[in-house]
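Shown next, in structure tokens, is the structure this report addresses.
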Amino acid sequence: MSNVVVIGAQWGDEGKGRIVDWLAEKADIVARYNGGHNAGHTLVVNGQTYKLALLPSGIVRGKLGLIGNGVALDPEALLAEIDRMAALGIRVTPEVLQIAETATLVLPVHRAIDSAQERLRAKPLGTTLRGIGPAYEDKVGRRGLRVCDLAEPELLAQKLDVLLEHHNAWFRGLGLEPFQRDQVLRGLLAIAPRILPFVGRVWEQLDKAHSSGKRTVFEGSQAVMLDVDWGSYPYVTSSSTVAAGAASGTGIAPSHLGQVLGVSKVYATRVGEGPFTSEVEGTLGDVLRQRGGEYGVNTGRPRRCGWLDTVQLRQSSKVAGINLLALTKLDVLDGFDSIYVCVGYELDGKRIDYMPSTNAEQQRLRPVLKRFDGWEGSTRGIRSYSDLPREAAALIEAIQQEVGIPVSMVTTGPERDDAIVLRSPFT
Ligand code: GDP
Ligand code: IMO
Ligand code: MG
């Protein structure tokens, strides 16, 4: 049975969570491989909304959730999320959640660094202030704490000393309050007994699952344009969001990944700073934001809105390994007379068909827009392609043509089954 990797094909918030939830019906496991509680994945099931940050989206269906080594795990945030889910009737026990021993920990000191760094930047990045970037910095700096360290209090104390020594020099240099080792240690040791029962060998679980014919959905967080290598650097997150990240971030063999489903809205949004060529400001942008409910799931920040950018989508698909598309939020375009799609760029007066690598060039891009007729009536909740207005079908076909990748699914509302399936990503 094939696995599927679900990744954001734009700047995040494409609807990955609801696509993963839909796929999870026919899967055994859902595994997260990157990011942390900077993610906000929304599921709507029979009118009930679930907002997930760290927990894999299959948890709502009771499917086994794995948190891979590539995730930056804030143990306090995880426990708070588990409690929130319990209040909604979803019990998260070690039978349904396993966390990789080697996942890096996000600590209170990382949140403080994230905030201080944003304050100090001449041009802030607009991070989620969750401490994700600083935690990954410590990971590659080889001073990070890992989930398995929670089981060894003495070693934990020593490692914390090294980590805090490094950061406290910086805090002191800025005239900020240094972190007290004992206080941080006490906090971690108090939390450890609730976290440790979930800890296991995720790579082994995945290997066994694959050998026994079970199916896993790998749930990406963030998106290609926020990838630390392939995104609009430095306005990116600090992890690998592409399909390759699913292998390095869980321990599954790259050859076992299966189909790679890229999720894209039929328009575009971005939250935080950075270039956004097809951005639409003013009233039209406000209308998209309003109709699309484009406000951050966890931070509540208004998302910047614009038209779909097929140059970005085509290039992102190539570098991320996307071979199928899920197009979301078609219903949000109901009622527009004209719909535009960015099909090319102009850079300094010259037409180009790729996204340049430098931030300066990305900021100078002008979109080449193509107009499409809007449609009358509502597409909300439509579940059959033949029920779509002719103009909506034409838009989907044009997107498929421009991007050069087959469309697997189109969603027409936030509810679990508000979707048209054209070809299943499972082979
Ligand atoms: P994720 O981070 O990629 O999982 O996406 P988010 O959950 O951050 O944002 C997607 C938002 O769009 C959520 O509020 C979803 O409930 C909503 N949504 C998803 N699919 C559709 C759809 O087809 N139509 C509408 N109107 N809303 C949708
Ligand atoms: P999901 O999984 C949208 C953005 C932040 C900021 C940049 C860096 O829900 O799609 P970070 O806190 O990661 O250092 O912030 O990345 N960002 C997201 N934008 N959706 C997300 O996750 C995001 N996670 C991070 O707004 O611009
Ligand atoms: Mg989100």
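Cβ atoms are placed via backbone N, Cα and C, with glycine included.
Keep in mind that TrEMBL annotations are predicted by a computer and have not been checked by a curator.
When secondary structure is read from DSSP and collapsed to three states, GLY40 (IMP binding site) falls in the coil class. The GTP binding site annotation in TrEMBL covers 12-18, 40-42, ARG303, 329-331, 411-413.
In the shown protein chains, 19 other C-beta atoms lie within 10 A of the C-beta of GLY40 (IMP binding site). As annotated by TrEMBL, IMP binding site applies to ASP13, GLU14, GLY15, LYS16, ASN38, ALA39, GLY40, HIS41, THR128, ARG142, GLN222, THR237, ARG301.
Under a cutoff of 8 A between CB atoms, and with a sequence separation of 6+ in the same chain, the neighbours of ASP13 (IMP binding site) are GLY40, THR269, VAL271, GLU294, GLY296, VAL297, ARG303. The Mg(2+) binding site feature in TrEMBL is assigned to ASP13, GLY40.
ASP13 (IMP binding site) falls within neither a helix nor a strand when secondary structure is assigned with DSSP, and so counts as coil. Positions annotated as active site, proton acceptor by TrEMBL: ASP13.
Sequence annotations record features per position, and here TrEMBL assigns active site, proton donor to HIS41. Contacts of HIS41 (active site, proton donor) defined by a Cβ separation under 8 A and a same-chain sequence distance of 6+ are given as LYS16, GLY17, ARG18, VAL20, LYS51, LEU52, ALA53, SER57, GLU219, SER221, VAL297, in order along the sequence.
On its own chain, LYS139 (active site) has ALA72, THR104 as residues at least 6 apart in sequence with a Cβ closer than 8 Å to its own Cβ. Annotated active site per TrEMBL: LYS139, in sequence order.
Around THR299 (substrate binding site), the same-chain residues six or more apart in sequence whose CB sits under 8 Å from its CB are GLY40, THR128, LEU129, VAL271, listed in sequence order. As annotated by TrEMBL, substrate binding site applies to VAL297, ASN298, THR299, GLY300, ARG301, PRO302, ARG303.
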Could you check which of the binding-site residues (GLN222, ASN298, GLY300, ARG301, PRO302) sits closest to THR42 (GTP binding site), going Cα to Cα? ASN298
A correct count of other C-beta atoms within 10 Å of the C-beta of GLY15 (GTP binding site) gives 24
One should report the C-alpha separation between PRO302 (substrate binding site) and GLY12 (GTP binding site), rounded to whole angstrom, as 13
Just checking, which of GLY12, GLY300, PRO302 (binding-site residues) has the fewest C-beta atoms within 10 Å of its C-beta? GLY300
Cβ neighbours within 10 Å, counted over all protein chains: which one of the binding-site residues THR42, THR412 has the most? THR412
